[in-house]
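Below you'll find the structure, written out as structure tokens, and then a few comments.
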Amino acid sequence: MTIKLIVGLANPGNKYLLTRHNVGSWYVNQLANNYHVSLINKSSFLGYTGYLNIGKRRIFLLIPTIFMNYNGQAVAAIAKFYNIMPEEILIAHDELNFLPGYARFKYSGGHGGHNGLKDVIYRLGDNNNFYRLRIGIGHPGDKNKVIKFVLDTPLDTEQQLIQHAINESVLCTSLMFQQNIAYAIHQLHTILK
């Protein structure tokens, strides 16, 4: 199976642009920049969209412009329009259980308390069989501080580590286009130990 849609989960607007919760959108923006693709706000897909032409394949990009807890609406809208199956989707999102500088590809699984993922699973018909790119942001150490933590900007040192993980993830995504998903997963997991 090949990836046909890459989504960076996000909250909308400048207020949230640089927050930890939006690191998935940082990844999609970096990927678009590397391939010289402009993302355009498309209201029918509830987000910024564009596509990459890789050989004979077209891979769609999406950054939702609705709040994180409803990002699944945007994913479902574009997937339905282009007839993209859940297993052909890669969702990039922030991961509290990983330290900054760490990222991992994963296939399937639960939402782990991430409301954006929870909505994606729900909107895809309670189907969790899609790929994820989990980008580490760290944990505040107290579950009562999580909401404020994810909606804050990372410290400068954390930002550098997160950006490094995103850069490596984008390189490995390019390997996925050239080789296959298994190869990209192996490379990313080898680079970011």
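In case you wondered, yes, glycine gets a Cβ from its N, Cα and C as well.
Record features, source Swiss-Prot:
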type	residues	note
SITE	ASN11	site 'Discriminates between blocked and unblocked aminoacyl-tRNA'
BINDING	TYR16, PHE67, ASN69, ASN115	tRNA binding site
ACT_SITE	HIS21	active site, proton acceptor
SITE	ASP94	site 'Stabilizes the basic form of H active site to accept a proton'
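Structure coloured by features recorded in Swiss-Prot.
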| residue | record | DSSP (3 states) |
| --- | --- | --- |
| ASN11 | site 'Discriminates between blocked and unblocked aminoacyl-tRNA' | coil |
| TYR16 | tRNA binding site | coil |
| HIS21 | active site, proton acceptor | helix |
| PHE67 | tRNA binding site | coil |
| ASP94 | site 'Stabilizes the basic form of H active site to accept a proton' | strand |
| ASN115 | tRNA binding site | helix |
Same-chain neighbours of the tRNA site, Cβ within 8 Å of the mean position of the Cβ atoms of TYR16, PHE67, ASN69, ASN115 and not counting those residues, run in sequence order as ASN11, HIS21, ILE66, MET68, TYR70, ASN71, GLY116
Expressed in Å to no decimal places, the gap between the Cα atoms of ASN11 (site 'Discriminates between blocked and unblocked aminoacyl-tRNA') and ASN69 (tRNA binding site) is 9
If you tally other C-beta atoms within 10 angstroms for each of the binding-site residues ASN69, ASN115, the top scorer is ASN115
Nearest by Cα to the residue listed as 'active site, proton acceptor', of the recorded positions PHE67, ASP94, ASN115, is ASP94
Longest inter-residue Cα distance for the tRNA binders TYR16, PHE67, ASN69, ASN115, rounded to the nearest angstrom, is 16
Within the same chain, the residues at least 6 apart in sequence whose Cβ is under 8 angstroms from that of ASP94 (site 'Stabilizes the basic form of H active site to accept a proton') are LEU9, ARG20, HIS21, ASN22, VAL23, GLY24, HIS114, ILE135, ILE137, VAL150
Counting every protein chain shown, other Cβ atoms within 10 Å of the Cβ of HIS21 (active site, proton acceptor) number 22
Cβ atoms other than its own within 10 Å of the Cβ of PHE67 (tRNA binding site), all chains, total 16
